[in-house]
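Trainee: Here it is: the structure, laid out below.
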Amino acid sequence: MSTRSVSSSSYRRMFGGPGTASRPSSTRSYVTTSTRTYSLGSALRPTTSRTLYTSSPGGVYATRSSAVRLRSGVPGVRLLQDSVDFSLADAINTEFKNTRTNEKVELQELNDRFANYIDKVRFLEQQNKILLAELEQLKGQGKSRLGDLYEEEMRELRRQVDQLTNDKARVEVERDNLAEDIMRLREKLQEEMLQREEAESTLQSFRQDVDNASLARLDLERKVESLQEEIAFLKKLHDEEIQELQAQIQEQHVQIDMDVSKPDLTAALRDVRQQYESVAAKNLQEAEEWYKSKFADLSEAANRNNDALRQAKQESNEYRRQVQTLTCEVDALKGTNESLERQMREMEENFSVEAANYQDTIGRLQDEIQNMKEEMARHLREYQDLLNVKMALDIEIATYRKLLEGEESRISLPLPNFSSLNLRETNLDSLPLVDTHSKRTLLIKTVETRDGQVINETSQHHDDLE
């Protein structure tokens, strides 16, 4: 006759032996066996009753029990009180006490491990609280500090962008005004150039008139000289003719005086001389008057042409001076326009560089914000994982508590006193035969989590008959 006692702990299934690290699992099974039932046959033989505890996140239990089948090898045998061997009870009690002692030692070890496990859970809870406090502090400080810095820098960037935009608009307005001034000056320059060309053409025509007048004056001077020479020649010829006539008259007068009493020719000659002199004086006076009138006309035309030429020269000099002044102004405006365009290009380049720097700063701040968000999300995931671990640990603690309460209730049950066992005479033929059937109902509940979120949950029922 032998008694078998098998005891296993869910803590070992969960965490291994004394030197094995704890690894949580999503499905946990707990098996505890103990000697609780006895069957009567030809001799008193203990049988075992197994209780299977299967825990899942919902805490479901399945039991398997062995019924007692009473059989007798010899029909009609009677069990009498005198045929019972009470020494067997002492052996059973001794072995039961040893088993209880072993169970107490194992329960003490389990209690020590459970205390260590609770200390670890408390330490993890403290770490969880510290992480939560750090997370809240990071949320508060990071949001306020980075938000204020980001807003302040964005306001400064917007202010600088607005200032640069205003400067750019002002420079563009100045550039447009300068372009309009340049266009107006160019139009004025074109008009002045046209007027200059007209003045030059007028001056050229005046020069042609002056040349013509000079030629006419020279021609008139030559004519005057020729007329003077002709007058001198005619006068000389007239004088010679007069002398010849006088000589002839004297010769005739002498001859007449000598020959006959001649008429008085002196008066006739005097009259002829007077006539010729009057005609010569008249011709000379007319020639002088014509010459003087022509000379006066030519002098007046020359003076008029000289005045026009002088005025044209003055206008040409004035136009030339205006052209030089406008050319200097155009050159100065071109230099100013080039300097303004260069400044505008430099400002555009500086604005582009500053805008690129601001964009880089904004991108860097956004990356920092994204990193902070990712870090916060990581802390939240760790916190959720810790919460899941805590929930699993709470479930295991509750399971341990139920197991301990079951063990305590089982230990507190009174033991049967075999010395006072009263056996009655029983006819084994009249006892019904009870077959031993074991029914096992197993509920498997599987929960899959990812990043602290339940993504799948399944439940399975299994009914086995043995």
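Going from the start of the chain as shown, residues are counted 1 onward.
Each residue, glycine too, has its Cβ placed from N, Cα and C.
According to Swiss-Prot, the protein carries these features:
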REGION    1-31  region 'Disordered'
COMPBIAS  1-13  compositional bias 'Low complexity'
REGION    2-95  region 'Head'
MOD_RES   Ser5  phosphoserine
CARBOHYD  Ser7  O-linked glycosylation site
MOD_RES   Ser9  phosphoserine
CARBOHYD  Thr33  O-linked glycosylation site
CARBOHYD  Ser34  O-linked glycosylation site
MOD_RES   Tyr53  phosphotyrosine
MOD_RES   Ser66  phosphoserine
REGION    96-131  region 'Coil 1A'
CROSSLNK  Lys104  SUMO2 cross-link
MOD_RES   Lys120  N6-acetyllysine
CROSSLNK  Lys120  SUMO2 cross-link
CROSSLNK  Lys129  SUMO2 cross-link
CROSSLNK  Lys139  SUMO2 cross-link
MOD_RES   Lys188  N6-acetyllysine
MOD_RES   Lys188  N6-succinyllysine
CROSSLNK  Lys223  SUMO2 cross-link
MOD_RES   Lys235  N6-acetyllysine
CROSSLNK  Lys262  SUMO2 cross-link
REGION    269-407  region 'Coil 2'
CROSSLNK  Lys294  SUMO2 cross-link
CROSSLNK  Lys313  SUMO2 cross-link
MOTIF     326-329  motif '[IL]-x-C-x-x-[DE] motif'
CROSSLNK  Lys373  SUMO2 cross-link
MOD_RES   Ser419  phosphoserine
MOD_RES   Ser420  phosphoserine
MOD_RES   Ser438  phosphoserine
CROSSLNK  Lys439  SUMO2 cross-link
CROSSLNK  Lys445  SUMO2 cross-link
MOD_RES   Thr458  phosphothreonine
Trainee: Could you tell me what the rest of the chain brings near the motif '[IL]-x-C-x-x-[DE] motif' (326-329), counting residues at least six beyond its ends with Cβ under 8 Å?
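Mentor: Tertiary neighbours of the motif '[IL]-x-C-x-x-[DE] motif' (326-329) are 185, 188-189, 192.
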Trainee: According to DSSP, folded down to helix, strand and coil, what is Lys373 (SUMO2 cross-link)?
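Mentor: Assignment for Lys373 (SUMO2 cross-link) reads helix.
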Trainee: Let's see if you can do this one: DSSP helix, strand and coil counts over the region 'Coil 2' (269-407), in that order.
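Mentor: Summed by class, the stretch gives 139 helix, 0 strand, 0 coil.
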Trainee: For the motif '[IL]-x-C-x-x-[DE] motif' (326-329), what's the model's average pLDDT?
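Mentor: That region's mean pLDDT is 84.
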Trainee: Please list, for the region 'Coil 1A' (96-131), how many residues fall into helix, strand and coil according to DSSP.
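Mentor: Taking each residue of the region 'Coil 1A' (96-131) in turn, the totals are 36 helix, 0 strand, 0 coil.
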Trainee: Measuring Cα to Cα, how many angstrom lie between Lys313 (SUMO2 cross-link) and Lys188 (N6-acetyllysine)?
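Mentor: Distance (Cα to Cα, whole Å): 21 Å.
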Trainee: Using the alpha carbons only, what distance in Å do you get between Lys129 (SUMO2 cross-link) and Lys120 (N6-acetyllysine) once rounded?
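Mentor: Just about 14 Å between their Cα atoms.
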Trainee: What residues, ordered by sequence, lie under 8 A Cβ-to-Cβ from Lys223 (SUMO2 cross-link) and sit at least six positions away in the same chain?
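Mentor: Spatial neighbours, sequence-distant, of Lys223 (SUMO2 cross-link): none.
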Trainee: At the level of the C-alpha atoms, what whole-angstrom distance separates Lys373 (SUMO2 cross-link) and Lys120 (N6-acetyllysine)?
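Mentor: Here the two Cα atoms are 30 Å apart.
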Trainee: Out of the recorded positions Lys104, Lys139, Lys294, Thr458, give me the one sitting nearest to Lys235 (N6-acetyllysine) by CA distance.
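Mentor: Going through Lys104, Lys139, Lys294, Thr458 one by one, the Cα closest to that of Lys235 (N6-acetyllysine) is Lys294.
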Trainee: Which site among Lys120, Lys235, Lys294 has the most other CB atoms no more than 10 Å from its CB, taking these as recorded positions?
Mentor: Lys294
Trainee: Given the recorded positions Lys104, Lys120, Lys188, Lys294, Thr458, find the one whose Cα is closest in space to the Cα of Lys139 (SUMO2 cross-link).
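Mentor: Given the candidates Lys104, Lys120, Lys188, Lys294, Thr458, the nearest one is Lys120.
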Trainee: Hey, how far is Lys104 (SUMO2 cross-link) from Lys120 (N6-acetyllysine), Cα to Cα, in Å?
Mentor: 24
Trainee: Nearest to Lys188 (N6-acetyllysine) in three-dimensional space, by Cα, is which of the recorded positions Lys120, Lys294, Thr458?
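Mentor: Out of the listed candidates, the nearest Cα belongs to Lys294.
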Trainee: Between Lys294 (SUMO2 cross-link) and Thr458 (phosphothreonine), what C-alpha distance do you get in Å?
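Mentor: A Cα-Cα distance of 139 Å.
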